[in-house]
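Structure, as structure tokens:
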Amino acid sequence: MIGAGLAGSEAAWQLAEAGIDVVLHEMRPDRMTEAHRTATPAELVCSNSFRSDDAANNAVGLLHAEMRRLGSLIMRAADANQVPAGGALAVDRDSFAAAVATALQGHPRIELRRGEITGLPPAEWANVIIATGPLTSQPLADAIRALTDESALAFFDAIAPIVHKDTIDMSKAWFQSRYDKVGPGGTGADYINCPMTREQYDAFVAALLAGEKTDFKDWETNTPYFDGCLPIEVMAERGHETLRHGPMKPVGLTNPHDPTVKPYAIVQLRQDNKLGTLYNMVGFQTKLKYGPQQQIFRTIPGLENAEFARLGGLHRNTFLNSPKLLDQQLRLRAQPRLRFAGQMTGCEGYVESASIGLIAGLYAAAEARGASLAAPPPTTALGALLGHITGGHIETIDGATRSFQPMNINFGLFPPLAAAPTKKPDGTRLKGNEKTVAKKQAMSARALADLDRWIAEHLRVAAAA
């Protein structure tokens with residue numbers, strides 16, 4: 001087990017609890033990262049929040065509940081060290097990390113070994129989990145890249161906002177591919193298009209330039225932008241018309257709502273998951289702060305009431321093109337003895353990273369016993385996130401840059417309900433936002449029921465094997 005962050009600590013715990021001896025390697029304090037300040041396992045380097053703990057109405061709260069049912073060390077330590085934060089689960093970061101460290105060091109099956117792993121693990125290491133996070137040391141990152149290919153690791157996260165499709169106003173927007181081009185897997189109407197007049201475009205560019213931006217972290221400042229990853233506000237700074245000759249170009253598209261008027265600019269959204277519930281804003285990676293992002297992007301015609309599954313961002317990161325490189329059990333296709341977990345697999349957030357460490361640990365434990373473990377159902381938060389990592393992205397329609405990007409858990413990753421709720425328990429019809437609330441609650445209830453069934457049918461059977 002390489003890396004004692006959230007994912008690595010959780011994976012080691014799951015393995016040990018399953019009766020498997022684990023050597024947990026951590027390079028700190030011998031080699032520190034630009035962000036860590038201690039050598040303690042599971043140090044929280046940014047926020048102290050695990051976000052919403054509402055399992056009935058929030059996808060990350062649901063993930064909390066699922067992890068608790070699976071005996072998560074990270075959730076146990078978080079619950080024991082929480083601080084007041086309204087409906088969120090926030091923790092005292094030092095006592096949280098200390099609790100994780102105490103549990104790991106006190107487990108008879110876990111050996112915590114300090115020192116940097118500077119290359120691929122030796123061949124005799126037959127069952128390895130690599131969970132070294134977004135700040136993986138350069139020697140190990142180079143070794144992984146050499147084993148895969150040059151484009152397998154991204155060193156600058158270009159994140160465009162992702163919108164829930166059912167919140168886009170299709171009386172203003174429309175489906176069409178540029179020049180009606182039919183690409184691989186496409187239909188010729190694969191993008192959602194939002195038109196702008198000249199006045200709307202002028203106001204939009206002015207808002208981008210004036211919007212408050214997030215500063216780079218100290219360790220990010222020397223990382224260059226890559227071609228194709230420029231923040232949208234940086235493009236706007238290069239010239240007033242730059243965007244309408246770039247990601248907002250209006251050519252090859254006709255607005256069926258007003259076919260005689262040529263839009264001055266067009267914002268395109270591209271399907272982001274196989275289910276078709278999420279669409280990303282093409283070319284809209286940004287360093288705008290979250291508040292200004294929502295305010296500015298909701299001025300786009302058709303997105304006035306948009307709900308965002310994820311807001312945009314641009315920060316240094318190290319993550320794998322997991323759908324290409326990893327199999328369904330998080331093993332590297334090129335060398336299946338190596339399994340990956342945590343943020344480097346393409347999940348965002350503390351809880352998400354720990355949850356992928358949890359499932360990686362369960363997979364590795366089953367493998368160590370000569371057994372196999374079925375994946376958790378895609379209707380669960382754990383299964384939905386795993387599905388995104390190992391294959392939930394789609395190939396780009398026009399051969400553009402791959403669409404796989406790190407993602408927080410959200411209900412857009414889940415399969416739709418067979419039938420959405422329409423009535424309250426008292427029989428009266430649901431109205432407006434009540435429908436959204438009822439839908440989320442139904443998805444959460446389905447997830448926990450399916451997880452309990454999976455635990456009974458697969459996990460206990462695997463544990464007994």
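Keep in mind that glycine also has a Cβ here, set from the backbone N, Cα and C atoms.
Here the structure is a predicted model, which means the values were calculated and not measured.
If you draw a 10 Å sphere around the CB of Gly5 (FAD binding site), it holds 31 other CB atoms from the protein chains shown. The FAD binding site annotation in Swiss-Prot covers Gly3, Ala4, Gly5, Leu6, Ala7, Gly8, and the record cites sequence analysis as its basis.
Cβ neighbour count for Leu6 (FAD binding site) (all protein chains, 10 Å cutoff from its Cβ): 33.
The binding-site residues Ala4, Ala7 differ in how many other CB atoms lie within 10 Å of their CB, and the one with the most is Ala7. Gly3 (FAD binding site): 29 other CB atoms within 10 A of its CB, across all protein chains.
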